[in-house]
Amino acid sequence: MVRSQVVKPRRVNVTPWVILFGVVALIAARVVYLLSTGTYELAFFAGALLSALQLGSLYALIALGYTLVYGIIRLINFAHGEVFMVGAFASYFLFANTPYALPWAVFTAGIASAGLMYALNLWRGKLSDPVVLVGGVVGFAGITYALSVASLGWIWAMVLSMLVTGVVGILLDRIAYRPLRGAPRISLLITAIAMSFFMQNAGLLLFTRNQTPFRPETSWTQFLQFPLAGSTVYTSRMVVLIPLVTLLLVTILTLFVSRTRLGKAMRATAQDPEVAQMMGVNVDRVIATTFFLGSVLAAAAGVLWGLNFGSLTQPAVFGLLPGLKAFAAAVIGGIGSLPGAVIGGLLLGFLENFVPALFSGVTEYKDTFAFFLLIIILLIRPSGIIGEDLSEKV
Amino acid sequence: MKRFSGSLAQLALFIAVGLALPLLPGTNFSLLITLLLFIGLATSWDILGGWTGQTSLGHAAFVGIGAYALALGTNRLGLDAISAVQLGVGVAVLFALLWGSLTFGLRGSYFTLSTIAIAEILRLAAINEAWFTGGSAGLFISSLPEPFGLDLFERRVEYYLALVYAASVLACVMWFASGRFGYEMRAVREDEAAAQASGINPTRIKLRAFALSGALTALGGGVYGAYLSFLDPHNLFFLPLSVQIALTAIIGGRGTVWGPALGATLLILPAELFRSVFAEANLLIYGLLILIVTLFVPRGLIGELERYLLRRRYAREQG
């Protein structure tokens, strides 16, 4: 695949910034107006802003998966919403049960430790490396013990679910995308859709309920209130947890991409897969790593999503809308760019949770904001808010 | 060069089989209606998606427009069934022209994204404007006028309607496939710049294809609405339906006359069959089937067949 790189003089397009400034000014004016008429107090806006941050962080985590994969192989991973679903339901599976019967514990631990070994293998480069072997054996024993003695706490369920989902991501690439490297993009789109069909319905076989309660034992879901400017902000402790976890994961991801050898290989592949291969980068390994990372983040988002809303809708629809919206967020921020995905996610969270607080008439339409914004961005600046120019040459 | 693009004889055979099927004992009308509708819908999609090469994943919007126009036109506006469907087709054309002129500046997957976004906006509008559309709970079509004394709730009538619909969409595609419009669309698909250089206005061709595709899809939506008699916005406007329509055409072979029809036959029949055999898991197998076909038959069935025939002829001509 030859991608022509035309060097153009840098021209700053002011239109999006004018629109952005206009929207921000409008929102600020509305806030000031509502405050001055005494309709709402400052605490109300603080609460709305916090919940916007909460939802935005979740979108950002999912959007990172889209942007990582797109950055490396220019593929819109349509099945990513279902990866997010797998993450949420896998963690439910892990914490909701009473201690596992031994065969189940061995089975689950087998899958999880296979994932662990795969991840270690990506890092160490070969399967027979002592670190990989010891990690696998210790992981297997530890997980079997943990599962068969007591049910897991949500943190361990989350960590395990992230591993398992990471492996699901790798398998997704292995089954549906790797055989089609170099094939027309439309084939990749179809296999992606086929895989999401498959995962949705496989999930539906296991979880048929419309609402699966998601209430692990934790104090993080309790209410939180604090005084602000003479009144009280009511929220939940999730408002601390979600941005914190997101920040942690994004930091780890950034460090991984910028500091490690494999991260360097990822950046090289993103620039030019063929040249990277010639320089000795194992491109297939890099792509597998990318899917692993994206899926791990999606799984974390899935668990936090479950904690935040207290229940999961049925698997066939659970990942659909969050996936589509997060994808819109990734494009809005600039697909292929990591900060872009975070900015897009936060912006979307802000639009969905803060703007309806200001303009009560639009509440019913908040689910469309992502798509309106997507179309506007596509029309005025297809590269997204901070993305590089990836305007497609078909 | 004679293309494997179908002929009147093939269409006649299609209609003859369609007329003969209900004469068999124990005909499953629901299955056949669904099949015929999807043949028509996928062929309509293919006008834009295959012939013109603009992959849309928003065609469910047109199905929704057609179905809702029938329901709302007859029950709220007091129109007769035929005018209501005409209204739906008219709205679909206007909508397609507006939608197209807004988004045809986008290329490739960016266009696809915008179609998803617009259909999604329309779906949420249909859910939220409950005073008009019945909202999220859906809309029952309790009564329909009887054009020419035909009861539109009777399965046999619906079957023939669906047959007429599928056959006319196929006839329409056949008619332009070998004509000027067909060549123009293919030229735009293969290379817009080259098409422009030879005097074709790509945007105009794309708009025309979109309007035609949308109109025919809305027409099918009208028949689908009468068949369902319960309109659920979570189904009619939603991405999975768009995806199903597009997949049907792609797997059969996009940009061919009979490809979408073949795709519908291969996808709808097994899906319905699996439903009775595997109950819950039917779509699971459906997904696997699609995966396998795409991995091993990347050009679609008719597309691969055409390629094979072309290669054989080439080999023969070269001696």
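Just so you know, glycine gets a Cβ as well, placed from its N, Cα and C.
Annotations in TrEMBL come from automatic prediction, not curation.
According to TrEMBL, the transmembrane segment annotation covers B:60-78 (among others). For the transmembrane segment (B:60-78), the list of distant contacts is 41, 84-85, 87-89, 91-92, 95-96, 118-119, 122-123, 126, 132-133, 139, 141-145, 213-214, 217-222, 224-226, 228, 231, 233, 236-242, 245: same-chain residues at least six beyond its ends, Cβ to Cβ under 8 Å.
Below 8 angstroms of C-beta separation, residues 54, 61-62, 65-70, 72-74, 77, 111, 114-115, 118, 203, 206-207, 210-211, 213-215, 217-219, 221-222 of the same chain, each at least six residues beyond the ends of the transmembrane segment (B:84-104), sit close to that stretch. Under the heading transmembrane segment, TrEMBL lists B:84-104 (among others).
Away from its own ends, the transmembrane segment (B:159-177) comes close to residues 3, 5-8, 11, 14-15, 18-19, 22, 29, 32-33, 36-37, 39-40, 43-44, 46-47, 51, 152, 185, 212, 216, 219-220, 223, 226-227, 257-258, 261 of its chain (Cβ-Cβ under 8 Å, at least six residues beyond either end). The annotation transmembrane segment is assigned in TrEMBL to B:159-177 (among others).
The list of residues near the transmembrane segment (B:209-230) in space but at least 6 beyond its ends in sequence, with Cβ under 8 angstroms from a Cβ of it, reads 33-34, 37, 40-41, 43-49, 51-52, 54, 56, 59, 62-71, 81, 84-85, 88-89, 91-93, 95-97, 99-100, 104, 138-141, 144, 152-153, 158, 161-162, 165, 169, 172, 185, 236, 245. Annotated transmembrane segment per TrEMBL: B:209-230 (among others), in sequence order.
Look at TrEMBL and you will find B:284-302 (among others) tagged as transmembrane segment. Here the transmembrane segment (B:284-302) has long-range neighbours at 4, 247, 250-254, 256, 258-259, 262-263, 266-267, 270-271, 274, 278, meaning same-chain residues at least 6 beyond its ends whose C-beta is under 8 angstroms from one of its own.
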